[in-house]
Amino acid sequence: MTNVLEDPSLERHFKGHRDTITSVDFNPSMKQLASGSMDSCLMVWNFKPQMRAYRFVGHKDAVMDVKFSPSGHLVASASRDKTCRLWIPTVKGESTVFKAHTATVRSIDFSSDGQTLLTASDDKTIKLWTCHRQKFLFSLNQHINWVRCAKFSPDGRLIVSGSDDKTVKLWDKNSKECIHTFYEHGGFVNHVEFHPSGTCIASAGTDSTVKVWDIRTNKLLQHYTAHSAAVNSLAFHASGNYLLSGSDDATLKIYDLLEGRLFYTLHGHQGPTTAVTFARDGAYFASGGSDEQVLVWKTNFDQLDFDDVLQSHKERAKSKEPPKVSDIPPRTQKRSGTPTKLDCRAELKNMEDEQPLVTEVGPALFSTGQ
């Protein structure tokens with residue numbers, strides 16, 4: 001018997017930031033969610049009932065990006081104060097800080113093995129660092145304007161970057177060379193992301209578009225114009241079948257990549273949606289906005305065996321051969337009788353949704369070296 005698939009639902013909302021949310025990321029363990037904000041703080045929200053939220057204080061200016069390490073034991077933050085920090089997400093508020101760039105650091109990412117950090121900046125450079133001791137490795141320098149975002153491929157061999165020079169660049173980490181430049185955006189590129197298979201990339205820009213490329217052929221696969229304003233953030237679902245975007249038009253949109261169409265439009269924020277992310281297993285996603293709120297949604301619309309999907313991606317990432325992954329795999333279930341564009345407005349299941357108490361911590365320092 002076919003299971004009944006449901007629409008996404010709003011599960012939690014968190015209030016504690018004092019300015020626009022810039023970034024959200026789930027702990028791989030799914031016990032915590034991190035958020036960064038223009039208020040210069042990083043916050044870690046605990047999903048366990050009655051557990052306090054932590055506000056980490058240490059940056060001297062806006063926190064532009066946050067990212068949990070693959071182990072979940074560290075949170076990295078990038079800031080307008082030109083530094084990055086590595087935090088231990090506990091009540092002690094311990095962190096280590098390093099001067100990363102000569103201008104705002106827009107983006108930070110961990111390699112899949114947790115050993116390398118990737119940063120991108122308004123100084124037009126992309127830099128790589130060891131996570132242990134934060135030793136500088138090398139920089140990538142071909143962008144001619146601010147670099148808004150840079151991400152590792154799942155296998156760590158490639159890097160994708162997006163810039164205010166209106167290009168998306170693909171880099172080979174080992175040779176340190178740009179292996180392809182995509183010029184199709186008509187505005188600044190705000191966000192870039194690798195498909196879980198490592199064979200495709202997605203980008204979002206101020207031209208209100210979302211684009212998906214096949215990096216084996218360097219061909220544009222899909223082009224979406226569903227938003228009516230700049231698109232700020234993107235995230236792929238764990239299955240690789242769906243893509244989530246957030247925009248200045250105040251909506252989140254979910255695209256069905258198998259059918260190449262808009263699947264859902266979600267209304268939750270009062271103002272621009274500035275950050276989105278999926279949980280590692282795809283069961284939840286989160287969004288942040290200029291309304292200073294973080295929203296957590298239950299996915300509901302896909303019931304794949306996530307363990308099988310993640311294992312297959314993991315095995316591909318460890319392959320010694322360059323990624324040769326089949327095109328986006330078919331869904332196990334097809335949703336029938338669904339309108340092409342389903343519009344959902346957020347309603348909390350529990351309107352008494354209590355806000356957690358917030359403990360402010362930091363800036364105690366720790367050493368990642370021995």
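Even glycines carry a Cβ here, placed using N, Cα and C.
Here is what TrEMBL records for this protein:
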- 14-55: repeat 'WD' (REPEAT)
- 56-87: repeat 'WD' (REPEAT)
- 98-129: repeat 'WD' (REPEAT)
- 140-181: repeat 'WD' (REPEAT)
- 182-223: repeat 'WD' (REPEAT)
- 224-265: repeat 'WD' (REPEAT)
- 266-298: repeat 'WD' (REPEAT)
- 314-324: compositional bias 'Basic and acidic residues' (COMPBIAS)
- 314-341: region 'Disordered' (REGION)
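Contact between the repeat 'WD' (140-181) and the repeat 'WD' (224-265) is not supported, since fewer than 3 Cβ pairs fall under 8 Å when only residues 6 or more apart in sequence are counted. Using DSSP to sort the residues of the repeat 'WD' (266-298) gives these counts of helix, strand and coil: 0 helix, 20 strand, 13 coil. Across the range of the repeat 'WD' (14-55), the DSSP-based residue counts are 0 helix, 22 strand, 20 coil. Looking at the repeat 'WD' (56-87) alone, the prediction's average pLDDT is 97.
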